[in-house]
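J.: Let me give you the structure first, and then I'll get to my questions.
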Ligand code: NDP
């Protein structure tokens, strides 16, 4: 039976480190870090994320500023808000909540954020620094996954790591961070031939695909470490019966509640093959906010 890598517990450790960092700033007479969150439109999931981010800021002593704009906001007005926040000395970090409503160009918005305040780590300057192995603000989800692996003593040197997914947000930066730690990295995606065979080579498998239960237990190398970044909502009972065959409790929840969250990996099956697995929920999900606030503190310490 694999060990469960508890993301919530590690997120709490990361947040405590941020809280102490904020305290240390205050002890030196410096102000609390300021994080501005820009939310455009009324995507319900984005509203929940923004609420959770503000609550987490309050817990660790970071000042959060929420800027809510209507869905029909013009790109020029979004640009103007970002420019104002870039120039505001009380704002150390700026986050534009994605997805933006149709008609707004998210790349343009993300590229307009000053790299020093880019706490999501999506600006090309920060992505370039990561590529060069230089310090900078790095994407929150993969850097928090790295922190989780380090905490659990996973030795990455020389191992075969497979990253499923090649997004700029998770897959590509995760692969670069693993490479930096001397893993031999394969990036797989929707065009990869014989995905199960590629996965079976992995001592460490990171799944960031967004397909519920794509990775079966038989795709895993015995003893592999599995980091499941995917967060998927499953409502279909027939799909649930297929992917939760080794998770009777999850299947029961699906039947009673009508929907459940799950990862890209079949957790119940992975528990029988792998040596360590992150659950969904309670794995990588809580780590992302902790990574974001770690970045906000780092940005503030650099800005003073
Ligand atoms: P994207 O949709 O941007 O990327 C998905 C990647 O998966 C693409 O590279 C795509 O390949 C690949 N892919 C899709 N289908 C398959 C398939 N059948 N086989 C192999 N590869 C496939 O997603 P994100 O990276 O933004 O997010 C991935 C997942 O992680 C989502 O479930 C998301 O909700 C979750 N997530 C969770 C976070 C957290 O806090 N835990 C934070 C961020 C994301 P191709 O490039 O060829 O299209």
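Just so it is clear, glycine is given a Cβ too, placed from its N, Cα and C backbone atoms.
Annotations per TrEMBL:
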type    : residues           : note
DOMAIN  : 5-120              : domain 'Tetrahydrofolate dehydrogenase/cyclohydrolase catalytic'
DOMAIN  : 139-303            : domain 'Tetrahydrofolate dehydrogenase/cyclohydrolase NAD(P)-binding'
BINDING : 165, 166, 167, 231 : NADP(+) binding site
J.: List, in sequence order, the same-chain residues at least six positions removed whose CB sits under 8 Å from that of residue 166 (NADP(+) binding site)?
T.: 172, 175, 187, 189
J.: Taking the Cβ of residue 165 (NADP(+) binding site) as the reference point, list residues of the same chain whose Cβ is under 8 angstroms away and which are at least six residues distant in sequence.
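T.: Those within reach of residue 165 (NADP(+) binding site), by Cβ under 8 Å and sequence separation of 6 or more, are 171, 187, 188, 189, 207, 208, 209, 210, 229.
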J.: Restricting to the same chain and to sequence separations of six or more, state which residues have a Cβ under 8 Å from that of residue 231 (NADP(+) binding site).
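T.: Within the chain, residue 231 (NADP(+) binding site) has Cβ neighbours under 8 Å at 210, 261, 263, 280, 281, 285.
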J.: Looking only at 165, 166, 167, 231, which the record lists for NADP(+), tell me the maximum pairwise CA distance in angstrom.
T.: 16
J.: Write out the long-range same-chain contacts of residue 167 (NADP(+) binding site), meaning residues 6 or more apart in sequence whose Cβ is under 8 Å from its Cβ.
T.: 208
J.: If H, G and I count as helix, E and B as strand, and all else as coil, what does DSSP give for residue 165 (NADP(+) binding site)?
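T.: Residue 165 (NADP(+) binding site) sits in coil per DSSP, no helix or strand.
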J.: Give the mean pLDDT for the domain 'Tetrahydrofolate dehydrogenase/cyclohydrolase catalytic' (5-120) on the 0 to 100 scale.
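T.: Reported value for the domain 'Tetrahydrofolate dehydrogenase/cyclohydrolase catalytic' (5-120) is a mean pLDDT of 97.
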J.: What are the DSSP helix, strand and coil residue counts for the domain 'Tetrahydrofolate dehydrogenase/cyclohydrolase catalytic' (5-120)?
T.: 61 helix, 19 strand, 36 coil
